[in-house]
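**Q** Can you keep this structure in mind? I'll have questions shortly.
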Amino acid sequence: MLVWAKVHPYQNEFSALIGLWEGFAEINPGIVEPGFVIYKEGGYDGQFFYFLAKSMFSDLDWELIVDSYFFRLHRIGFTFFVGFPAALLGFTHYPIIAFLLPMVIFLLSVACLYDLLPESKKWLSLFYLFSPYSLNSHLLLVADGFFTSLIVIVIFLIHRKSNAAAILFLLTFAIFTREIGIFLAVPIIIFYISKRNPRLALAYSLPALFFLGFLIWTRSVSPAHLGTNPLGFGDMIDYPLFGFFKSFFDGGIFHLSLKESVKILLFLQWIALSIFSVSFFYSESRNQIIGTHLSQSILLYLLPILASLGIIFIAEEGYWRSFDNLSRMFTLSLPLAILLGAKKDTLYLIFFRYSSFALFIFLILRIVFITKAKGYYLSP
């Protein structure tokens with residue numbers, strides 16, 4: 001229903017999900033498939049994954065112009081995952097592939113989460129199944145939902161003591177999808193160092209080292225264009241929570257529309273998760289934090305959550321002004337908080353779960369009833 005609601009105003013063209021803006025379509029001639037929906041204003045990040053995939057798997061000589069070349073290129077895992085089958089089947093099928101394949105991986109991760117939970121807590125997996133953050137990510141054809149699915153599957157494989165090669169492969173894929181995946185590798189490395197197993201500690205360092213090598217290599221390559229708005233890390237951060245407070249003002253005048261007010265709930269979620277995560281970390285002993293077995297390590301769940309909360313803490317105001325941008329930052333925290341809740345549930349986690357479900361309802365209402373159709377045309 002939600003997919004139909006998003007594509008129906010645009011002649012039911014699935015390419016409406018990509019979020020192609022005419023500005024980028026015009027400066028990248030020949031890259032957009034004929035018949036794809038192009039918005040006259042607006043657009044979203046899904047277009048950059050499409051542009052990179054088309055450049056990677058077609059003979060375009062990397063003559064690509066996006067808003068920030070290196071920032072987009074470094075998160076190449078999702079691009080490869082959806083771009084490779086699109087190259088085999090034809091890029092006219094890219095929108096369907098970029099929606100369906102991550103959804104399949106998501107449903108697999110839901111099954112993994114369900115299996116990880118104790119019998120009395122298995123119903124908590126419903127909160128992940130109805131995650132507004134993962135759902136919105138899949139509808140926008142961006143990487144956050146896919147990345148979260150990979151992390152959940154990696155944790156499942158760790159609990160099932162699966163082959164280390166499979167864990168390393170998926171962990172590497174996750175880190176190349178979003179660099180925050182490194183914060184799952186760190187507790188694994190800490191665990192094996194504490195157990196005096198340098199071989200496995202080194203092995204699980206490799207995904208992060210490969211990613212670092214990839215960053216260094218790409219910086220040595222001179223692209224045709226650095227982007228229309230090349231961004232560095234410093235451009236996307238602000239002083240702690242300054243972005244949140246700045247987002248209430250336009251030209252020095254306080255402004256809060258009904259549509260934007262949802263960020264207050266997201267801010268309350270951030271507070272609840274922060275209080276729980278920090279207090280839980282300090283209340284546990286060192287042995288409980290690291291665990292006697294890797295699958296028992298609390299750091300597996302806490303460190304990625306703390307990293308996500310830290311990013312929100314210093315996010316610049318542009319993230320706080322957009323529900324799509326801000327909600328994506330909570331995508332990873334929900335399934336990890338569910339797993340922590342199975343160990344030690346608190347009012348903070350209960351609030352986070354149920355407020356997330358409230359946002360799921362809000363997302364449906366927003367897509368079906370609130371969001372207005374944009375001006376568009378079909379690519380010639």
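Glycine is treated like the rest: Cβ placed from N, Cα and C.
Since this is a predicted model, take the numbers as computed values, not measurements.
Sharing the features that TrEMBL gives for it:
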type: TRANSMEM; residues: 73-91; note: transmembrane segment
type: TRANSMEM; residues: 97-117; note: transmembrane segment
type: TRANSMEM; residues: 138-158; note: transmembrane segment
type: TRANSMEM; residues: 164-193; note: transmembrane segment
type: TRANSMEM; residues: 200-217; note: transmembrane segment
type: TRANSMEM; residues: 237-257; note: transmembrane segment
type: TRANSMEM; residues: 264-282; note: transmembrane segment
type: TRANSMEM; residues: 294-314; note: transmembrane segment
type: TRANSMEM; residues: 348-369; note: transmembrane segment
**Q** With a Cβ cut-off under 8 Å, give me the same-chain residues at least six positions beyond the ends of the transmembrane segment (348-369) that come close to it.
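**A** Same-chain residues near the transmembrane segment (348-369) but 6 or more away: 1-2, 5-6, 124, 127, 130-133, 135-136, 139, 259, 262, 265-266, 268-269, 272-273, 275-276, 323, 327, 330, 333-334, 337-338, 340-341.
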**Q** How about the transmembrane segment (200-217) and the transmembrane segment (237-257): do they have 3 or more C-beta pairs under 8 A, pairs 6 or more apart in sequence?
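**A** They are not in contact.
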**Q** Within this structure, do the transmembrane segment (294-314) and the transmembrane segment (138-158) have 3 or more Cβ pairs under 8 angstroms, counting pairs 6 or more apart in sequence?
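**A** Yes, the transmembrane segment (138-158) and the transmembrane segment (294-314) are in contact.
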**Q** So which of 73-91, 237-257, 294-314 is most in touch with the transmembrane segment (164-193), counting Cβ pairs under 8 Å?
**A** 294-314
**Q** Determine which residues of the chain contact the transmembrane segment (73-91) at the Cβ level, with the cut-off under 8 Å and only residues 6 or more beyond its ends counted.
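**A** Same-chain contacts beyond the ends: 33, 49, 52-54, 56-58, 97-98, 101-102, 142-143, 146-147, 173-179, 214-215, 218.
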